[in-house]
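TrEMBL lists 106-263 with the feature domain 'CP-type G'. Marked as domain 'EngC GTPase' by TrEMBL: 114-261. Under the heading GTP binding site, TrEMBL lists Thr153, Lys154, Ser155, Asp156, Gly205, Ser206, Ser207, Gly208, Val209, Gly210, Lys211, Ser212, Ser213. Among the features that TrEMBL reports, Zn(2+) binding site is placed at Cys284, Cys289, His291, Cys297. Marked as region 'Disordered' by TrEMBL: 339-361. According to TrEMBL, the feature compositional bias 'Basic residues' maps to 346-361.
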Amino acid sequence: MKGIKKLNIIEKYGFTDEIKSSENNLGKLVWARVTSQHRDLYQVVTNQGFVQAKISGKMNHQIINTTEYPAVGDWVLISVEANATGIIRKLWPRKSILAREASGNDSSGQVIASNIDTIFICMSLNTNFNPRRVERYLTMAWDSGATPVVVLTKSDLCADITAKLRELEDVCMGVDTVVCSFEMKTGLDKLSAYIKPQKTVAFIGSSGVGKSSLINWFLGDSELETKQVREGDDKGRHTTTSRQLILLPNGGIVIDTPGMRELQLFVGNLSKTFEDITELAKECRFRDCSHQNEPGCAVKEAVKDGRLDADRLKSYLKLQREMSYSKMNSRQLENEKINQAFGSKKAMKKSRKHMQQIKRR
Ligand SMILES: Nc1nc2c(ncn2[C@@H]2O[C@H](COP(=O)(O)OP(=O)(O)OP(=O)(O)O)[C@@H](O)[C@H]2O)c(=O)[nH]1
Ligand SMILES: [Zn+2]
């Protein structure tokens, strides 16, 4: 293939000049991308191949919020030690971030994956079909910084696709939508066009809508290769964990972590998903109108005269309620409080570390 530059390993995994030029004095450090994570153990890929890595004590010490821990998809700078394991020393600022609130009452989020270019929001055209669900996922996708594409699966099980598409019209405004059937092998080429070399994609959606079927289809025979590498030859020697960031034969990169599968809405960019309501709200008498009981509410007015679907407003209000409780929002609030109470994050960190130590005892 004349004229096509041969990519080195990390370029295949999405390394760009932008990342490269962000650090001009590497010293002994090398660039790596996190390909899987199991608790505090990471597998990363460098130009030399796969390496198991942990974060440095210093980095661990400097972390204030759990979202600062590396996650699958992250670009990191590591040093490779004499025993061929890696120490992660620095995290590259993420271009996009898919996260959810942490369980328990820890007030920080958990990053599920990062640096995703395109998120496929998968929903089947049969039993799983629900425009409100797409709304939620879209909200999350916009908020992540990645570009969403709505993928309607199992078209072979749907008698009236046009009707379903009409139901989604408002919700999916301005978002590319692909109808496909893995069973009939239709629409797969269209979907494939969204998976580009060196770009990272992720599939989200309820269990059973056909995400694995699609991912395996795009993987083709190469899934076998990954397995062989894992078990056998020296490239996979350090690899005991299954890879969660996978190279596709067409050059695309897919992130498929367990967390992605359990993904629930944690926070979202409501104004983007509900642009119609945001527009209407500009006409409300009160700027902070909650569109519930206030006089002069343009949104309520629109519902009354049929310009806005009542269900859509209901789901907007519900999401808004959830979001005000969401941990990511409270994290921002918390940062505000920290600054007021402690004057700086550093002081806060100190006291937080102290609290953690007390808890551990
Ligand atoms: N009729 C039909 N069935 C499909 C299609 N795609 C997948 N399925 C079936 O749907 C079931 C679930 O598919 P999966 O690919 O495992 O779904 P998933 O979204 O990965 O599910 P989780 O792994 O639980 O997240 C399987 O039995 C598939 O064979 C399709 O286009 N049409
Ligand atoms: Zn209002």
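Any Cβ shown, glycine's included, is placed from N, Cα and C.
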Annotated binding-site residues Ser155, Cys284, Cys289, His291, Cys297, filtered by Cβ under 6 Å to ligand 1: none
Mean of the pLDDT scores, which run from 0 to 100, over the domain 'CP-type G' (106-263): 84
Of the binding-site residues listed as Cys284, Cys289, His291, the one whose CA lies nearest the CA of Ser213 (GTP binding site): His291
Secondary structure at Thr153 (GTP binding site), reduced by DSSP to three states: strand
DSSP-derived helix, strand and coil totals, residue by residue, for the domain 'EngC GTPase' (114-261): 56 helix, 31 strand, 61 coil
Listed binding-site residues with Cβ under 6 Å from ligand 2, out of Thr153, Cys284, Cys289, His291, Cys297: Cys284, Cys289, His291, Cys297
Cys297 (Zn(2+) binding site) to Ser155 (GTP binding site) - Cα separation in whole Å: 40
Candidates Thr153, Ser155, Gly205, Ser207 (binding-site residues) - the one closest to His291 (Zn(2+) binding site) by CA: Gly205
Among the GTP-binding set Thr153, Lys154, Ser155, Asp156, Gly205, Ser206, Ser207, Gly208, Val209, Gly210, Lys211, Ser212, Ser213, as the record gives it, the longest Cα-Cα distance in Å: 18
